[in-house]
C-alpha cells in the first residue's frame, strides 16, 4: 500500500509533534502544512527547536517557499479559512485538523472542499465519531469523512477501562487526570470569562478543571456509557500527565489478578498502545513515550475485592500525536 499523503492544519504543539512522529515512523507522508499565524522561517524554527522534546535531529531548512525536512519538501499555506486551502494541489488526501478550532463535522468538513478525502480531528468532537486506537477501530466505516482521535486523556483512559471492564466488569467509576500545562493556560493571572480558575497563572497553581474525557469513554466503549465521569487538576509541569481511575468492579478480584490482566493486554492485543511498568517511576520518565497509556502497577491501591484505584501515565503531547499518525494510517488502509 502507498504511504498516505497528509496535510496538517494548525502548526501548534500537536501539529508539530504529529509531523515529528510522521517522519520518525514513516507511516504517513506530510506534504502540506497550513497555519495563518506562522510564516515559513518561523515555522522552520519552531519545528527545529522544542523546549520539551528537544532539538529535531534531522535537517530543517526553507527553500522556494517550502519547508524542507530531511530533504523532503512540504508545501506551506497561510489560509485562515479551511475551505480555501488547496490540499489537492499538494497531493494531500487526508487532513489532520489540529488548530483546536474546527472540531465539529460541519467546520472540519471545509477541508473536503480543498480536495481532502478525509479529515481527522486531533481533539474531542461533539458530533464526529471518535476513535481510540486499540479500543474501537473495528467500528470505523470508510464512508466516514470526518472523524476524531478523541482527547489525549481519553486515549489514556479508554484502553485501561476496556481491559478492566472486559475482565472484571465496571459498575461505576471516577477519573481524575493530573494534567500538565497546555497552551490555552495563562503564564500569569489573566482574563478567562468562561473558566475563572483557568485564568490563574499556570506556573503558580494547581488548578481544578473540567474534562469530558471520562464521559467520552462511553462513546468509544458503549458498555461504559453513563458509568464514568471525571475531572482534572492542571499542574505546573510542561508535559506528561497521569490518570487516576477509581472503580467499583462487578466481579470480586485481587490486585495481582488486575495487574496480570493489564500486563497480558499490554503484551498482546494492546501492545504498543497500553504499556505496563512495575518500576518506581515519575512523570519525566514518560516524556517521549509512544504509548497512549502506561499502567503503573506499583502506584495503584485496592480497598476491597470490588473497589480499586488504578494509575496510568501518558505523554499528553507525544503519545497522543503518535496515535494520530496511527489513526490516519489505519483509516487510509481501509480506503
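Counting begins at 1 with the first residue displayed.
Backbone N, Cα and C define each Cβ position, glycine as well.
As annotated in Swiss-Prot, phosphoserine applies, among 59, 192, to 192. Listed by Swiss-Prot as binding NAD(+) are 13, 14, 35, 80; the candidate from 290, 316 that the record includes in that site is 316. Considering 90, 98, 209, 298, the record held by Swiss-Prot lists 209, annotated as phosphoserine. Site annotation for D-glyceraldehyde 3-phosphate in Swiss-Prot covers 151, 152, 153, 211, 212, 234, and the matching candidate from 167, 182, 187, 253 is 182.
Note on 125, 148, 210, 266: Swiss-Prot annotates phosphoserine at 125; no matching annotation appears for the rest, which is not proof of its absence. Swiss-Prot marks one residue of 51, 203, 283, 292 with the annotation phosphoserine, and that residue is 203. Taking the centre of the Cβ atoms of 151, 152, 153, 182, 211, 212, 234 as the D-glyceraldehyde 3-phosphate site, the nearby residues of that chain (Cβ within 8 Å, site residues left out) are 177, 179, 213, 232, 241, 316. It is 7 Å from the Cα atom of residue 153 (D-glyceraldehyde 3-phosphate binding site) to that of residue 316 (NAD(+) binding site). With the fewest other C-beta atoms within 10 Å around its C-beta, 184 stands out among the recorded positions 153, 182, 184. Among the listed recorded positions, namely 203, 316, the Cβ with the most fellow Cβ atoms inside 10 Å is that of 316. Distance between Cα atoms for residue 154 (phosphothreonine) and residue 211 (D-glyceraldehyde 3-phosphate binding site): 10 Å, as a whole number. Cβ environment of residue 152 (active site, nucleophile): 241, 314, 316, 317, 319, 320 lie under 8 Å away, each six or more residues apart in the same chain.
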